[in-house]
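Feature list (source: TrEMBL):
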- 3-151: domain 'N-acetyltransferase' (DOMAIN)
- VAL80, SER81, VAL82, ARG88, ARG89, GLY90, VAL91, LEU92, SER93, SER116, GLU117: acetyl-CoA binding site (BINDING)
- TYR121: active site, proton donor (ACT_SITE)
- PHE409: active site, proton acceptor (ACT_SITE)
Amino acid sequence: MTYPIRPIDESEWPAFLRVLEEGFGWTPHPQQGARFKAETEFDRTLAAFDGDDIAGVTAVLSLTMTVPGGQLPVGGVTSVSVLPSHRRRGVLSALMRRQLADIRERGESVAALYASEAPIYSRYGYGRAAHELSFRINKHASAFVANAPQDPSLRLRVAKPADVRADLEKLFATVVTRRPGRYERKPHAWDGVLADEEADQRGAGPLRSVLAEDGAGVRGYALFRIKSSWDGNGVPDGELKLYELEAADPAAYALLWRSLLDRDLVSKIDAGTRPVDDPLIALLADQRQLRASWSDELWVRLVEVDRALTSRAYSAAVDVVIEVEDDVCPWNARRWRLTADPTGAECKPVEDQPDLTVPVNALGSAYLGDGLLLESLAAGLLREHSPGAVRSLATALSWSPKPWAGLTF
Ligand SMILES: CC(=O)SCCNC(=O)CCNC(=O)[C@H](O)C(C)(C)COP(=O)(O)OP(=O)(O)OC[C@H]1O[C@@H](n2cnc3c(N)ncnc32)[C@H](O)[C@@H]1OP(=O)(O)O
């Protein structure tokens, strides 16, 4: 069976939303639904129709994402859902193929997404490109190393987040270009970050902020909620749930963490998503106390391999012929010679013998600099024809800091 696919217009939003609600088993509260609609780019939605009814949906957000050495327009794939009555009939596959063709036509060479489940997207050429750590720290075991940075000119300011939105936006704009995977926030995204209706609080009180600043301005901020409680013996046992901690420099970063870890009446700090190379790991005297858990974060798809590979910077020189396997975007499936060094890159179609053969999702997983090509080689998922070719490409593609988006889209 085929299901005709087209973008929806605004009048079809309730039907589009219903498919998302059914797929995710989720009901947005009215303000959440309004924010969601406001950030939807209707000309970038797609719906698969069964007669007059929508059976499956997806959408793209036009993101400006940091990649190694710069920023790039990236198709941020979101809102993927197929009605439970229509699952496993190829609706998602049809939507994904059409969406990738649209993204290419739009001129974006890279697509990215957050996956609800890890097994879904590699078949469409997406690779696991960034990871996150969650920390669950006991305040009483959170001492810093003796040489943690300190800056006496820094002071803390407690403020209602909505009152300091301009400061938060300004600081965020200075840090967003520093780490691959981060993307610029539009006003709707900030509305979501700062949303504070009771349903957003989930029993953990209002959104709070603390800023680190000096005479010249704000150098960092943290956004969090506190769920206060006392145990049966009357000992304070509050929990601080951290949403964001951004800082322009190490001293502001250390001060903000210290202010959270030392918070009175709090015994546990739950940091839901942090980068895998979070400087807090080095600051803590006892890293085991992070009680970290690890998960995939962003998935990346090279929609046009050559343009994507020439749109980022390289850590080292490389000259390899890559044979790319790609069933979903056949224009990528050929041999490419990548010649790159820290001053620039060129990627040309060639007929030469390949140095390595890679599925396109392996390139996506290496694109933001996480160094995952060597992991794929060790797992037997790549074919190396010239010894050392994978290591050479992996070294050139690797980047510091490690990729992390930090906010679901
Ligand atoms: C970026 C985001 O928005 S992530 C959100 C994704 N959405 C959800 O998780 C909501 C709940 N789930 C759903 O709506 C649906 O199950 C979807 C969208 C995940 C899949 O839609 P379907 O139309 O059933 O997928 P489709 O029939 O095209 O499946 C294609 C292939 O993927 C496989 N597949 C689909 N979903 C999954 C899954 N969750 N886990 C493992 N394999 C899957 C199918 O088995 C099929 O494999 P095959 O080609 O070897 O037969």
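For all residues, glycine too, the Cβ spot is worked out from N, Cα and C.
No curator has checked TrEMBL annotations; they are predicted automatically.
Overlay of TrEMBL feature records on the structure.
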residue	record	DSSP (3 states)
VAL80	acetyl-CoA binding site	strand
ARG89	acetyl-CoA binding site	coil
GLU117	acetyl-CoA binding site	coil
PHE409	active site, proton acceptor	coil
Which has the fewest other CB atoms in a 10 Å radius around its CB: TYR121, PHE409, the listed active-site residues? PHE409
Rounded inter-Cα distance in Å - VAL82 (acetyl-CoA binding site), PHE409 (active site, proton acceptor): 18
Which whole-number value in Å describes the distance between the Cα atoms of GLU117 (acetyl-CoA binding site) and PHE409 (active site, proton acceptor)? 15
Please compute the mean pLDDT of the model over the domain 'N-acetyltransferase' (3-151). 97
In whole Å, note down how far the CA of SER93 (acetyl-CoA binding site) lies from the CA of PHE409 (active site, proton acceptor). 21
Long-range Cβ list for VAL91 (acetyl-CoA binding site), cut-off under 8 Å, min separation 6+ in sequence, same chain only, gives TYR3, ALA48, ALA55, GLY56, VAL82
Do you know which of the binding-site residues VAL82, ARG89, GLU117 has the most other C-beta atoms within 10 angstroms of its C-beta? VAL82
